[in-house]
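One structure is given below, encoded as structure tokens.
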Amino acid sequence: MNQMNQPPNKCQTYLNLGSPLSAISSSPDSTKLIVAGRDIVKIVSVQNNEFKVTSNLRAGKTQSLNYTGNDCCWHPSLLENYRFLIATAATNGAVVIWNTVREGSKSVERVFTDHSRAVNKLAWHPEKLDCILTGSQDNTLRMWDIRDSANASKITFSPKSESIRDVQFNPSQANQFAAAFDNGTIQLWDIRKPTIAVEKITSHQGLVLTIDWHPEEKNIIASGGRDRAIRVWDFSNGKSLNNVSTISSVSRIKWRPGNKWHIASCSSIVDFQIHIWDVKKPYIPLFSFTDHRDVPTGLIWKSPSSLISCSKDSHLLLNEFQDSYKPYQHIRTTGITWNVNNELASINDKINRTQSNESLPSLSTQFPSFFASFNVPTPPPLPPLVKVEQGIMNIYTPKYQNSEIVYDEKYLFEHFAKNYRFRGESFNQLCDHNQFVSQSVNQHHISTMWSLLKLHYSNLDEIQQHKELIEQQQKEELEKLNNKKIEKQQPQKLKKQQQQQQQQQQQQQQQSQQQLQQPQLQQPQQQQQLQQPQQQLRQQNDKNIKEQQIQYIENLENKQLDSKNIIDNSNDSNQEININKEDKEDEEEDDDNTSNNLDDNQMGDIFDPSNDMMTAKEPPSSSLMEFNANDTGNDQFCNILSAEAVTPLVSLPTSISLERQKSTDNISDNNSNVHVNIKRQNQPTNNNNNNSNIDNLEKKSNKSKSTKENKESSLTDQNKQKRNDNKEKIDNNEIDNDNKDNNDDDDNDVDNIGEDNDEINNNNDNNNNNNNNNNNNNNNNNNNNNNNNNNNNNNNNKNNNNDNNNNNNINNKKNKIKNKSIENKKDILDKKEINDEDNKSNDENDSLKILIPCFEFEEFNFQPIITDMLEACIEKGDVQTCVFIVLILGRYMDLNIEKHRLTTWFGSYIELLQRYKMWSLALEVMKYCDDQIINQASKRHTTLISACSSCGKSIPQNSIICEKCNKASSKCSICRLPVKGMWVWCQGCGHGGHLEHMKSWFIDKNQKSCPTGCTHICTPFKK
């Protein structure tokens, strides 16, 4: 049903006293009021909700400051001698006791003037009826006895603080009172201990202007201060129970009777309204009285539904709740909440905000005399009445067909902490599992991180296994070495034992020989007979060794004839020898260049312009390679190839060509360091090098003599003849040996053939060089020299023909051996090529072209991206993902992250786990962290705080008895005796006892509940 807020009826009671009011107090029977101000002290009767002034206590008195009313208080007793007593406090520090029965000047009974400054508050003792308590600006509290006029101040309290703003006796304990101070503290005093305060609470930031004890709850007091707050305190523990924020400073507060947590307040400035608050709902007041035109100064509850107030606007008002402004009725009721399914429910009142046509009467028309009494603008009208309809509740869910579930941060943290893994599986499995966990809660950016880690570091497990295998092999090798050492040591011990046994046997034999009576001459004869055949064998071996040495010396003499002849003629032809040395050095350099060019051409890479790729050429086949085992390398004309026959090309080194080159090198190494010589047919000679040598000779031959040249030519002819004779002998011997051992020495035969052919070519080159040199010399020398040169030419031609004939005979004899050796060599190379290429098929027999790119990619460094990724997670506050990535990758590599940063990451994550009470997960992270600071944190900072099982207060170390309840905290719940040693307790209820007693109770007797009878189930239910 639609309901309308009705306007307030004319039910207010007010009284204009003509002067600003400062305080108000009620009689014990609530029929009269005492109102005090700067210029008035009057008694007002309250009958039928109407105010009437019955007496003026200041009538006919002089304008003395003793009679000004800064505060007033009616005696709370109903006894005849006390119910008419009234006390007032003046601004000059005087305290006046009034008797309302008397009239005129006799109404003043006592005047106390011990305070030096203004008295702010008065309070009668609830039990000692003749005593009154005062608080002053002079920083003292005084207890007065109204019966003693000479020395009335019986007790003086010196709190050593600032000015006292308010004092009140505790209704539950008459000997205690509370005082409010300007320094923001509230102190609890006992009149029996006037030297020191019992309790002190710092309640406000600034002045504490008012306090009020709760009428029902013990030790609970409310305070209001200049910091615009109302606070509720419990003096038993000094804790703040509630806090109400207002818009201005609070000058007076008063608990509402009949309503436990309702309290009224008024302000000293700005706010002229009186508010009634519910301290459990501190944001909006329940009721507000808006009739005063100036700040209220006093509050008295006449009943739970009516409030009497005075103000500096000189008015005394009786406020009824039915006339009050109710903010809750003028605001829209709204409720909002979440459920477990992430659904949002809200409820709102449907309000019709259309204005009603009826205009509301103003308060000035209702109370003309009230508003005409002072020049105050008329108050604004109340908010317009609004038609309220029935509330509407709406339920919203973020889960639609095309939307995703929204997860709370707390839920995500707990979900990841419980489901993430960092050990027990391989790297790829851990990444897959963590990716699935993050994807199940729609955290796609985190799942992408795990997938990237798996994509780049997919081979970490294989690398780790390889390292472990290497470590195992090293360990096994060390064990073998140790075992060998042990085995070597054992035979030494055995040898020592055997030697000792032999010595013992020899001693026994000597003893036995002495006992024998046979002659000793027979024994040397027998020994001589045994030694004769051994001497014959030694003599034969010595003869064979001498014959071999003689043959070896003869061969050396034949080979060193050239060098001896050259040394004999060295003193006569130093210049020519130097020329020959320079020629030899040039020729050796040419040989090196040609050999290098050949290697580059045959083993290097050739650019193929058709496909812009590099083709790696196959190593030369076995038919083009011959192994010479007898090549000594002493001849300077061996292994010379013409530079014109080779066209050097720029080669790009590739990994595949290098691997093939290594494979061919391995083949040559396996053949006992055999020199490789490459045969080439129809190669033109390099005339450039020869021409350069000829030019050098022409420059230097002018200084030489013709006789020296003739001697040199004759020496060379003799040396060549001796060389050829030696070669024929060596080759014939080799042929005979090859016929005997064809199957074992095929490789050496082929190499010998290659050597013979190379020497033929070298001899031809030497003859040509001699011819050229002789022709040049003919131009500069005499006719005698010409004849000598012609003779040399003829001799050279004859020698060449002899060499060719000898070599042809040798080649004819070795054709069969050569064919067999080549076939065997092909088989060996084919097998090794198959092993090197990992059983790959060859498309071509002569050469295999492999496509290789012209450039190589550098290895991509993924580690800086990982560090940036971790830093981005830290900036988002996701320390959890960073910790798990470090735990997983840290086992395989060094992440190059600063140690103190890792310590802060792990420390933050462990602290979060401990806040969520995930103790086991926090300890697991500590255990497997590589940082020693984190790993040993549980060992250094593990503390156990015990609490009393009866009151719950913590017990200090090395103490058994609780300080609060004075009970032994370690009593057994079954035997009720103190426990010394092992203590077992339930973490739910805190009860425990001896280990044996707990076992007998829960295991033997099969009990589930606590033995103390606290109804707690200490053991889980069994399914």
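The backbone N, Cα and C atoms fix where each Cβ goes, and this holds for glycine too.
Zn(2+) 4 is bound by Cys1010, Cys1014 in Swiss-Prot, and the record lists one more residue there from His991, His994, His997, which is His991. Swiss-Prot lists region 'Disordered' at one of the ranges 445-503, 563-621, namely 563-621. Between the listed ranges 27-49, 924-946, 947-969, Swiss-Prot ties the annotation zinc finger to 947-969. Checking Swiss-Prot for zinc finger across the ranges 138-189, 190-241, 242-293, 970-1021 points to 970-1021. Annotation note: His997 (Zn(2+) 2 binding site) sits in a helical segment as assigned by DSSP. Between the binding-site residues Cys962, Cys989, Cys1018, the minimum number of other C-beta atoms within 10 Å of a residue's C-beta occurs at Cys989. Rounded to a whole value, the Cα-Cα separation of Cys989 (Zn(2+) 3 binding site) and Cys951 (Zn(2+) 1 binding site) is 12 Å. The average pLDDT for the repeat 'WD 3' (114-154) in the predicted structure is 90. A coil conformation is recorded for Cys962 (Zn(2+) 1 binding site) in the three-state DSSP classification, outside any helix or strand. Applying DSSP to the repeat 'WD 2' (64-108) sorts its residues as follows: 7 helix, 15 strand, 23 coil. Other residues of the same chain near the Zn(2+) 2 site, with their Cβ within 8 Å of the Cβ centroid of Cys972, Cys975, His994, His997, are Ser973, Ile974, Arg976, Leu977, Val979, Gly993, Glu996, Met998. Around His997 (Zn(2+) 2 binding site), the C-beta neighbours below 8 angstroms that are at least 6 residues distant in the chain are Cys972, Ser973, Ile974, Cys975. With DSSP classes pooled into helix, strand and coil, the tally for the repeat 'WD 4' (159-199) is 0 helix, 20 strand, 21 coil. All protein chains considered, the CB of Cys972 (Zn(2+) 2 binding site) has 20 other CB atoms within 10 Å. If you count neighbouring Cβ atoms within 10 Å for each of the binding-site residues Cys948, Cys951, Cys975, the highest count belongs to Cys948.
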